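Visitor: Submitted below is the structure of interest, expressed as structure tokens.
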Protein chains: 2
Amino acid sequence: MKPVKVGLLGLGTVGTGVVRIVEGHQEDLSSQVGSPITIERIAVKHLEKYRSVNVDQSKLTEDPWAVIRDPEIDVIVEVMGGIEQTKTYILEALERGKHIVTANKDLMALHGAEILAKAQEKQCDVFYEASVAGGIPIIRTLIEGFSSDRIMKIMGIVNGTTNFILTKMSQEGASYEDVLAEAQELGYAEADPTSDVEGLDAARKMAILGTLGFRTNVELQDVSVKGISQVTKEDIAYAKRLGYEMKLLGIAERQDDEFSISVQPTMVRKGHPIAAVNGVFNAVYVYGEAVGETMFYGAGAGEMPTATSVVADLVAVIKNLKLGVNGLKAIVPYKPKKLKTDEQIMYKNFILLHVDDKAGVLAQITQVFAQYNVSLESVVQQPNEHNPDAEIIIVTHNASKASMDEVLNHFEGLEVIRRIKSVYRVEG
Amino acid sequence: MKPVKVGLLGLGTVGTGVVRIVEGHQEDLSSQVGSPITIERIAVKHLEKYRSVNVDQSKLTEDPWAVIRDPEIDVIVEVMGGIEQTKTYILEALERGKHIVTANKDLMALHGAEILAKAQEKQCDVFYEASVAGGIPIIRTLIEGFSSDRIMKIMGIVNGTTNFILTKMSQEGASYEDVLAEAQELGYAEADPTSDVEGLDAARKMAILGTLGFRTNVELQDVSVKGISQVTKEDIAYAKRLGYEMKLLGIAERQDDEFSISVQPTMVRKGHPIAAVNGVFNAVYVYGEAVGETMFYGAGAGEMPTATSVVADLVAVIKNLKLGVNGLKAIVPYKPKKLKTDEQIMYKNFILLHVDDKAGVLAQITQVFAQYNVSLESVVQQPNEHNPDAEIIIVTHNASKASMDEVLNHFEGLEVIRRIKSVYRVEG
């Protein structure tokens, strides 16, 4: 049978994995789709680079346009990364009726709506399972597995670098700086780790998950983001003592038709399934109105896990191609976007204060919470080991973000409070 | 737009959930499939029963044939259970070109191959996501999410009743009999719990997962089965002391093209993601050659979780119906079936022996392991608290099932061994 011809943009880590799987599993793959799959052309940065996978040199080109404009090619697999330039490649490929598989979360988070609209116009498939949580088929699960349900909450550990750092800090009592340096040495963190540690990478993935979960067009600016660079080993020690693990959580939740999405270091109660997700692993916890609690766990990155998702998408595209139904199952967000206000966003908080060690301070502080209607789950006052202040550790009940902001504002002006040491969201 | 008409066989727990979701989420569902979905007729056991969900009395019938033969009906949702009689309904419905969604693991484990063959002949869909692990979309994940990968191992906690019992025994140090009685009172175990506690229910689900994971036709008789009724609270205490949790695990694994499938109480090392799955929850751990470790967690049963999967299948059938591609994406197992021999099945073992408390016994016992080439990870001898014997606790390295059978056989004839108290598979 006539082979399906694939053009590959990028032959880095993921691209190499794609070649390995398409070649290594050729028999399994062609049994499924009914014809061989050939990687016809590959756009690379440098023709002359050493490759850990065997590719016919004549398939390589340094010009992505040569791949996109090749009339023989049915499907473009984009694993080169990049945003603006890559977008022009993808749009042009769609214009030419080619289907797209991409692992590019940045592209999908920033320009997903435009790309999907063009795909719909051209009746092409655009699949992007690998863009979120590498090997975990979470996008399929949200689109198909839970098509019948109303997703109320998605919590994700969707960045392996930060989970590696927080896990190490927790298990070894090490400092953020030391573990970051180690992660950089091991290749788990980049030389410039900003996008990971400041939560931007996670925010992009959460925008994608939110769009699928809530069927509304979530944009990156809808995600409030805080990274882990301010998390100290003391904070993690407090978290553990209170029965929590510190995780960088993406949290998308809705009530009726209003939603909020955020990424922030969060204290997660031990016993919650997501609290036990350690190291570079990813997990996405989904709470559906009907299905209840579910969680999906696996490798969030790496050559082969990510390539697994890319090639699974490729199989899906080719099956659709054989059936002549490409582009007809696209999920277009159809719900109007309604963001929750700060009054509607509710969660528990952990607050650590350094205060003057004198009578009446605790009363003064709890009075502020009462004033803004924030009720407290627990309050502990103790001497500070390192200086003459006292420490007050507070866990609130669910409180609105607006009220908490007022409380913290009020604290800034309160003389007995030496320092608002830490504030974290609490889950589980 | 013309509504899609659905016939429902069964209005018990899951059927009621299906009605609730189809009615409660009608707007979301019809946005996805492009037309309303109507439950047109419902076959029930007793017309006059009280229902917790509002259904038009005129839709009810006590005759399943009336539903199956209704020419208006496009899709049959079978949630009545039963095997032989139900099979005749399903085959007749397929004969008439109706698509099938079923939650019936017994039917699919025993007659899946015949039903899927008829479906293929008639170009009909047969979807059965709800038959394994209730609300967890594991069947979709194996078929689509990991279509590109080679699944090497599937470990499942796929029976909520036994997981509830083992969790309670572990957490409360309670006996099997006491917890079973409690589970029966709570409605988590049936009056006749045999199918759950003896592992048959899990075996049926594992046959379905094995078929999908290995793309070969796994039959129920290929699954070796041992239940939990012999597990004592002492066994669980030993497991915990050694750092394991006792779980009823279904384990399907392959090497090259040979596979084995079993269900048995298994000691799972704490820290393995599946060891932390407690209560009535289900989880399926999948190890793929490329993707590595993944796990999928959620409710394994219950009205709404199971109905979520049923209705997700219904959405998939209706999308295919609109596209005219029903029955064209069926996964037909194409690999020849090669079962591992007992020489090829390898795992670790925990063995607890009661032995004469005298010199040389340990040497005699370890000599037997050496004779059959079973190497040991750890051996502990200690006095028995309750009688004059000594206890020997052994954990082996990976050993073949055949060798272990020989060791245990040899032990039967050894005078110094008073009793082979327990033998468990060890994982993680």
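Cβ coordinates come from backbone N, Cα and C, glycine included.
Sharing the features that TrEMBL gives for it:
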type	residues	note
ACT_SITE	A:K205	active site, proton donor
BINDING	A:L9, A:G10, A:L11, A:G12, A:T13, A:V14, A:G15, A:T16	NADP(+) binding site
BINDING	A:K105	NADPH binding site
BINDING	A:E190	L-homoserine binding site
DOMAIN	A:350-428	domain 'ACT'
Visitor: Considering the binding-site residues A:G10, A:G12, A:G15, which residue's Cβ sits among the greatest number of other Cβ atoms within 10 Å?
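Guide: It comes out as A:G15.
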Visitor: Could you state the whole-number distance in Å separating the C-alpha atoms of A:G12 (NADP(+) binding site) and A:E190 (L-homoserine binding site)?
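Guide: For A:G12 (NADP(+) binding site) versus A:E190 (L-homoserine binding site), the Cα atoms are 15 Å apart.
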Visitor: Taking the centroid of the Cβ atoms of A:L9, A:G10, A:L11, A:G12, A:T13, A:V14, A:G15, A:T16 as the NADP(+) site, which other residues of that chain lie with their Cβ within 8 Å of it, listed in sequence order?
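Guide: In sequence order, the nearby non-listed residues are A:L8, A:G17, A:V18, A:V79, A:M80.
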Visitor: Name the secondary structure element type, per DSSP in three states, that contains A:G15 (NADP(+) binding site).
Guide: helix
Visitor: Give me the DSSP three-state residue breakdown of the domain 'ACT' (A:350-428), ordered helix, strand, coil.
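Guide: For that range the per-state counts are 23 helix, 34 strand, 22 coil.
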Visitor: Within 10 Å of the Cβ of A:L11 (NADP(+) binding site), how many other Cβ atoms are there?
Guide: 24
Visitor: Return the average pLDDT for the domain 'ACT' (A:350-428) as a whole number.
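Guide: Here the mean pLDDT over the domain 'ACT' (A:350-428) amounts to 93.
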Visitor: Indicate whether A:G10 (NADP(+) binding site) is helix, strand or coil by DSSP.
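Guide: Looking at the DSSP assignment, A:G10 (NADP(+) binding site) belongs to neither helix nor strand, so coil.
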Visitor: Do any of A:L11, A:V14, A:T16, A:K105, A:E190 (binding-site residues) have a CA within 10 A of the residue listed as 'active site, proton donor', and if so which?
Guide: A:K105
Visitor: Look at the binding-site residues A:T13, A:T16 and tell me which residue has the greatest number of other C-beta atoms within 10 angstroms of its C-beta.
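Guide: Checking each of A:T13, A:T16, the winner is A:T16.
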Visitor: When you measure from the Cβ of A:E190 (L-homoserine binding site), how many other Cβ atoms are you left with inside 10 Å?
Guide: 13
